[in-house]
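Step one of this worksheet: look at the structure below.
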């Protein structure tokens, strides 16, 4: 089957936003207008097409990025709906890796909210071209221009209006197109009947002013247009469109649209914009990877004739077909039934069937081409972030880096029979989500689950019950503390057993040096003159790494230190790798005791949005939780407090905040850094463990 849509008519976009900005509703409307859905699903009625997991329908939030494909103006648009809740930032992060562009949805009233900033920064990190959609223009307090200003102040973005709203709140009746300089008026409440008219008299001056701003912003994207602009020549509509497209793709400008997805206003025009201004796979730089054989850097271009390469960006357990691996094809083509190499793991895999997804219905397709997003059935060893490629031309694409979990709870099944089922369920859920870990606590033999926040773990437990029918009881949340050293020391350790028979002998001298927070562990060898033979050096490193899993204060992992192996001795007959491994571990434990060990705890960056009346209470409460207030600002009638607070003090915060502010304040938090625990508190942790 030949390619249905050429590459230049393919768009891979994400829809990203803060919770409740109307992201899922916007995606729904896109699917409706592009003829993919028969009826509209309302998120607040729990019937949305994209939110297809039970928990999502119940909570009205999007948890997993559903990948969907639709058609508009003879283009294929692949859409990834990303979650807006901070516990699921990994979903956003991994979708942004495989997209070519994104539509950021902002609420016309709330504007740039905390999660919008997080998501926007992730977009900056991957240099994703973006356009903005100011949604909910029909809401009380909607203010298009305020949102534009907030994008400049809070996101350091360069928003450029390509549309202006006609009226707002109840009076939102149409949209001005600043490129064509005409207006679309909505004649009914549901946005079905429209009429193109001249720009209303009272808005002409404003439209001319913003058209001028648009032309100026566009002229800065190329020298040719700049010359024309400076000479006072008018830009043609064609030049303007080309300039907006170029500026968007180069991440110089962010075109801003407006509308009300719920009332069906502005969505078709937004789709026109996606086709006109979002990049095709040909517009973005080639993806670079490492040649699996030579280890040299190579590039893969969006071209069907190049060797096949793809990135698996999501694994999902599907009740009907088993394990589904969503992947983005960067180069080449792939047929169902063929073999690929998972170059990350060095394993060959057979692709059973290839499915193109629409929220949670699917169509089987025989072939995928460069630039496509699809899901494969039959991949056993593939996990998130793995590269799939042509077995005869192996490449490893840059993988994704996921944050470590910061919160853990003990979990046990309510019945004996549930034990095995729970093991299977947790393993499947961990395969899907790289930020979710599960392990057995060696001391207590309890099963521990760890993740990015309380909501994250709640949803895991919920899914176990719904999808795997395992009921479980959950313990109190535990914080992932770490240990470190605070001063440099030199230690030596000798492991010798030489009484009769084959002996053991290993002798090491090491320096342990504290590192900057977040650096992790580093090992260097500076021995000279063969005092320790080369083949035993890795064993010393292994011994230290084995011992650092359990620190001496409270048994937590030891981080942020450097070990220099600078001397030692060996025995021709009795030395072995094992002996040096044990000597390394003994030296580490001795060094740890001498190096003034300290406990570290995770600090969260917390942002609370509260009405002014409760500000004193909220700040007082954060201080009592050992919070460090970082700053305050006012935002559309509310006060925003930013602080760093230890995670251990944040359990149950949402309930406390609700009662302190009568439910009027909201907060978001995400992991920021590890810092030393004050002595008085570390005492409690050590005795309480």
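All positions are counted from 1 along the displayed chain.
Cβ coordinates come from backbone N, Cα and C, glycine included.
Sequence annotations record features per position, and here Swiss-Prot assigns GTP binding site to 17-24, 81-85, 135-138. For the recorded site, residue 17 (GTP binding site), the DSSP three-state label reads strand.
According to Swiss-Prot, the domain 'tr-type G' annotation covers 8-282.
Averaged across the domain 'tr-type G' (8-282), pLDDT in this predicted model comes to 81. Around residue 17 (GTP binding site), a 10 Å sphere centred on its CB holds 31 further CB atoms from the protein chains shown. A coil conformation is recorded for residue 137 (GTP binding site) in the three-state DSSP classification, outside any helix or strand.
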